[in-house]
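Database features, via Swiss-Prot:
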{"type": "BINDING", "residues": "42, 43, 44, 45, 46, 47, 48, 49", "note": "ATP binding site"}
{"type": "DOMAIN", "residues": "6-244", "note": "domain 'ABC transporter'"}
{"type": "TRANSMEM", "residues": "273-293", "note": "transmembrane segment"}
{"type": "TRANSMEM", "residues": "522-542", "note": "transmembrane segment"}
{"type": "TRANSMEM", "residues": "577-597", "note": "transmembrane segment"}
{"type": "TRANSMEM", "residues": "612-632", "note": "transmembrane segment"}
């Protein structure tokens, strides 16, 4: 003989009310066979709703046992009970409990989503059920666009979506007018005729008369159990053993959770935007700071490169600001010649400079006249705008050939080409053979005018001195600059007998600037990250509020079969989505800041790196997961009975 469909034995249900315990059900024993139509009648507070919650696996007895087709529910966990509700029970609530953001067909589909049904299959079935119940022209209407009777029919269709072997109707006519109530009871009788087990919970004896069996409960005790007809013979169609598996279309769960998250966000647009604001500001700050740091670093390094790549400058004296450096005359051309023979040296250019008056026609300007070697322009990264540079022969012959910069050209030759023209440096006539492209110094734009001559010409024909103002050494690319610098210092100390000079290693400067910029970027980014954390706390706060506001929705979802993991997933996806949208808007804001920065005359461009953008998205996701987990977990742990009772 097969077991009864539903069997409660020795059931007690006790609740804690302050310091006292309130026993709502007392030693309830009840058996319901498959195919019965049962009415449980009782006054308010009699325990009938608590009994229905236990029958529908929304609650568990405090003491006693509840068997479904012979399976003891006391050993089942929350997800196993959810599967029973999902696949074998259908609920019809007095207040309908439809999800306000979903259409009629969307509400009916919800149980099938959690059952893992394919999208097309569940849509077809939902449409079929609604059409069968006379709502074929209301498929896309939301609950607030439907009458009370129509909303109740939607809840009936939802109860039938996954089969609804057992239909639990809680005061099904309580919120309906008499005509709609009559139609609802006739509909329940039709479902009973189709083989569904119907359990009606009501306080109205007139409603109970539609059932074949009336159970009266008072003060938690069943006081009568009357059958109007014989119990139907139960068919051997056992309830599926609980294995907590997903049947098909598991990916649809994520898609539906994503859709519900979008719906929740669009319903509260302003609140969602304000929640995102902390994330937007934090992400925009981090990305902008990194872009500013990268842009400024690249600008500075480009300026340093203008001093020469992999170069070491040698100057007389004991360091910058040394007043005695002008009296040090030991740096000579032979030092430069000696440095050329070092194996790690690529090229050497001596430097002599002097401030002098330059004349052309009736125009006179004060310029810095630089005596340099032919390698100077390559070492310093100068490029020709017109003309040519001189060569070794010019140095050997003390050639009176000059290269001028663009500022000199603009001063003396604003409308004509200077190539081939003769100018006077002091009293020495020189011919202009080249003009360099405009170039900024490492410290920004310079107003000084520059003319370059062979160092032999400046030393021998103009200033008449046999010592140098400096030497620039270009190293081979494969040589560590610090080691080469020490070798140069050692050689010159041996030649001079004293270290009466100092060196400027451009690579060392570059490395120091890179370290400093990285440190500053990290420091400012750390400050910006604080706003991200504040934004994350804001997300958590709003999500906690959202869970409180949507408690009844969570209860409905649990009643139709949502597992704890389904609820957790939905709220977690919502939190992550809020943060990802905030991250996207933050990155867009960072780019907008870059455009404004460029338009307002910034001295360099903000450079956005793919790494920082990817990191921003990763950070947004992480914040969503970290700060969204607590609200999502709270939602998943709600008791379905308490959640449904919450207004």
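Every residue, even glycine, has its Cβ placed from backbone N, Cα and C.
Counting only same-chain residues at least 6 apart in sequence, those with a Cβ under 8 Å from the Cβ of residue 46 (ATP binding site) are 217, 218, 219, 220.
Of all Cβ atoms in the shown protein chains, 22 besides its own fall within 10 Å of the Cβ of residue 49 (ATP binding site). Neighbour list (residue 43 (ATP binding site), Cβ cut-off 8 Å, at least 6 residues apart, same chain): 203, 218.
Candidate binding-site residues: 42, 45, 47. Fewest other C-beta atoms within 10 angstroms, 45. Averaged across the domain 'ABC transporter' (6-244), pLDDT in this predicted model comes to 87. Sorting the binding-site residues 44, 48 by the number of other Cβ atoms within 10 Å puts 48 first. Residue 49 (ATP binding site) falls within a helical segment according to DSSP.
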